[in-house]
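Reviewing the structure listed below.
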Amino acid sequence: MADALVGYEKEAGCVPILHPEEIKPQSHYNHGYNESRKSHVDDYSTWDIVKATQYGIFERCRELVEAGYDVRQPDKENVTLLHWAAINNRVDLVKYYISKGAIVDQLGGDLNSTPLHWATRQGHLSMVVQLMKYGADPSLIDGEGCSCVHLAAQFGHTSIVAYLIAKGQDVDMMDQNGMTPLMWAAYRTHSVDPTRLLLTFNVSVNLGDKYHKNTALHWAVLAGNTTVISLLLEANANVDAQNIKGETPLDLAKQRKNVWMINHLQEARQAKGYDSPSYLKRLKMDKEFRQKVMLGTPFLVIWLVGFIADLDIDSWLIKGVMYAVMWLVVQFLSKSFFDHSMHSALPLGIYLATKFWMYITWFYWFWNDLPFVTIHLPFLLNSLALFYNFGKSWKSDPGIIKASEEQKKKTIVELAETGSLDLSIFCSTCLIRKPIRSKHCAVCNRCIAKFDHHCPWVGNCVGSGNHRYFMGYLFFLLCMICWMMYGCICYWRIHCATSYTKDGFWIYITQIATCSPWMFWMFLNSVFHFMWVAVLIMCQLYQIAVLGITTNERMNARRYKHFKVTATSIESPFNHGCMRNLIDFFELRCCGLLRPVPIDWTSQYTIEYDQTSGSGYQLV
């Protein structure tokens, strides 16, 4: 038993890493004793106190202590009962031993560690909380110079890292060998956490260790930790920092011949202007310029497609060449300036460009052909409503869950000490307790209350703060598209010689396409946008009125315990009937005839809230 624990203790530690290339990150194995490993025996009366402690046999332990066993006495391997109870998460035994005089910070084992070190290595948050309540000091170092926060970071115990920092441990604390928690996380933990959590706590990313002067980015490169490299580059880690040998992270990546690391580090250097790139290269590295290109490209493409088709040139060969040139230009722009944010920027650019050219078409081609009072005036009023709702959907707060630094730490401590610091309800990026119905948006990198979805067409999340505006945007957009299609049909009736009743549909299509290719192109755009907007607004209304759920909840209902999911249906605790759902969502009052139930979803953590009975309206 002791040998297994000693092997575990030596698996990772804070000894000076004299030759980093010879040490590889190691996996964390559970070498503690738990119920699943308990052998089936009927009589514990012959067990010694160490074995009884390991397996959590409380009555046997109490019997031996009452018989005179000294709880401070270490075994032959210098391990105390408190150590064994801590590593095996025996909370009741820890309380009992401390009540009988056990020293909470007694050193023991091969690494001369405290029970808190052992609990931290094993990832027992509840035990860490319990020991610290009894006064255990997490800043004490073990025989290898490691404090608890360093152990938690290198073993990937994110919840323990969060708790220790929230309780006052320095996020940049160096162990005896000058390694910070961030360095250990970068070197040993190949996942986003706890690195992401440490970065959220404003850790210093450019500190160097004591022996090699390696920064966290150096250590991530040495470990081939691509996940952490990406996080550190996003956090503006110094890509030109040199270690004691004068090596930068890029030099280390080249030594390891890792193409991915080399490319990303070179791009980061170029983005900072370190390599004196050409003018075109600087433009490519300019994030703001790339964003403008991605937003502007749809304006160019939509115009060129219609403009080339509308040219008074009989030769389709010439037009084909022009389209080929356009395609090459777009290919150049996409390869040079489009990046991972294109999935958000392009849809927004397509929407803005389509509406821009539709309005140009309306005012230039339709203005003199259609009556003002019955057509233009309603169109203009609808446009004002569309612009307002689009602006609110695009720029307003969708329901961002905010908290101060002190509030975040207080939340972490409260959750940990109540046994609920679970990453399913705690966001390690925003460091907040996630309210019910909220979700962290990977695009916006923030937690949104009553999260519905991230909409690239408005460039923002849709949540409790702007969902009603989003529905207004969809409705008025659909009306605008219908007006646009009506305007195209009126234009063809007035300006084009057509014979639909005589020649049929396909001849009619060729007639209107040749009469005004630009108008036909605008009509096709209108039809395309009509289809997705109509489908989206119907889906949204169905979810809001009939199901009482959001898009995120509908897609991930099986992940949430408060939904009852069958093969054909989803039962939502937030569904209070069609009428009630609509009144609450749109906050309809009708001069006081209706009474919606306001809920602050940024601070609602349970499904129990004040929801009055009835149909959702009340006559007064």
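Including glycine, each Cβ sits where the backbone N, Cα and C put it.
With respect to the membrane, Swiss-Prot annotates TYR97 and VAL458 as residing on a common side. Summarised as a single figure, the pLDDT of the repeat 'ANK 1' (77-106) averages 96.
Within its own chain, the transmembrane segment (370-390) is flanked in space by residues 359, 362, 458, 469-470, 472-473, 476-477, 479-480, 483, 486-487, 490, which lie at least six positions past its ends and keep a Cβ under 8 Å from the stretch.
With respect to Cβ pairs under 8 Å, the transmembrane segment (346-366) is most closely packed against 470-490, considering the stretches 314-334, 470-490, 505-524. All protein chains shown were included, and the count of other CB atoms within 10 Å of the CB of CYS455 (active site, S-palmitoyl cysteine intermediate) stands at 24. In the repeat 'ANK 5' (212-241), helix, strand and coil residues by DSSP number 16 helix, 0 strand, 14 coil. In the repeat 'ANK 1' (77-106), helix, strand and coil residues by DSSP number 16 helix, 0 strand, 14 coil. For the repeat 'ANK 3' (144-173), same-chain residues at least 6 beyond its ends with a Cβ under 8 Å from one of its own Cβ atoms are 12-15, 28, 111, 116-117, 120-121, 123, 125, 128-129, 132, 138, 179-182, 184-185, 187-189, 191, 193-194, 197-198, 201-204, 207, 408-410, 412-413, 416, 421-423, 426, 428, 431. Residues 212, 215, 217-218, 220-222, 224, 226, 229-230, 233, 239, 281-282, 285, 287 of the same chain lie 6 or more positions beyond the ends of the repeat 'ANK 6' (245-274) yet place their CB under 8 Å from a CB of it.
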